[in-house]
Structure formats: C-alpha cells, structure tokens
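So the structure is just underneath, and the comments pick up after that.
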C-alpha cells in the first residue's frame, strides 16, 4: 500500500516540477558585456523576478521595467521599445490611471554597484497566449535605467537613459 502511495507522490511531484513555468534573462551593459542575470518564475500572484547584477552605478536608486520588445541592442537599448503595456494604461505605480504591466519598483545598488533583489510583478504572466504574457510575439526585455522612476510621469517615469538590458528567453 505505501509503495503505491510513494509511487503516486513521486509521479505527482514530477508532474508539478515539469509544469513549473520559469525562464531567465542575461543582463548586459551598454558595451554588450554580461553583468548579471534575472530568473523569472510564474507564481499564483504573478511573475517573481530574481535579479542579480553588478557594475551598475554605486549607491543608486534605479528604475527597473519590462519593455515591450525582446531586443537589447547596445548602447542605448532603444530596440526594446517602450514599457510593456498590453492593457493601455498610463505609466506609474502611483498613477490612478496606471500602471503599465511593465512598471515595477525601483531597485537599489550597494556601494560597489551590485544589486540582488526579488520583485513580484502581479501584472504579467509567463503563460503563453495571454494578453499580458512575457512570451508574446516579439518577446519582452528587462531594462535598468540610470535614474529612479518617479512612479507617475508618462510615458516612462523620468527614469533616465537605459543602462542595462536583458531579453526574456
């Protein structure tokens, strides 16, 4: 009896692992050099993004967004286009008419320019075929800006130039 139960548990556990949705993005700087990585994991509440990066401005507050196209052409990363906004909202976590699905809290670097943070984005999914899927046609990208997002100014929060980018794979 217990052997059958153990076998059933093993099968169910294997199935749940196989069904877990996760992906990653390699983060590159304006020279195209890899400076970090983000792991993206689907949860019941949205997508958990675990970001680790280095060689960013030290002791800085920096905007961190999901952009609408999966391209990261240095040095300016304009190829990633604007913020991911499938629901046509206004920009900003503090905007009553927002936010964009790609809007996320600012990140903070340490005195050496390193960041290690986890951000839950409840507005996006890794499930294919959904309007807010990061796997939409053309893909999406994670972008780090050189300044903080003010959480309200349209279209991008006065966050400054794009200093790092990673295509969601």
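Glycine is treated like the rest: Cβ placed from N, Cα and C.
What Swiss-Prot records for this protein:
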- 1-18: signal peptide (SIGNAL)
- 65, 67, 83, 145: Cu cation binding site (BINDING)
- 72-165: disulfide bond (DISULFID)
- 83, 91, 100, 103: Zn(2+) binding site (BINDING)
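The Cα of residue 72 (disulfide bond) lies closest to that of 83, out of the binding-site residues 83, 91, 100, 103.
Residue 65 (Cu cation binding site) is surrounded by 26 other CB atoms, counting those within 10 A of its CB over all protein chains shown. In this structure, the disulfide-bonded residues under consideration are 72, 165, and the one with the smallest number of other Cβ atoms within 10 Å of its Cβ is 72. Same-chain residues at least 6 positions away in sequence with a Cβ under 8 Å from that of residue 100 (Zn(2+) binding site) are, in sequence order, 65, 83, 84, 85, 89, 90, 91, 92, 123. Looking at 67, 83, 91, 145, the binding-site residues in this record, the fewest other C-beta atoms within 10 angstroms of the C-beta turn up around 145. Other C-beta atoms found within 10 angstroms of the C-beta of residue 103 (Zn(2+) binding site) number 27, with every protein chain shown included. Note: the CA-CA distance between residue 165 (disulfide bond) and residue 67 (Cu cation binding site) rounds to 9 Å.
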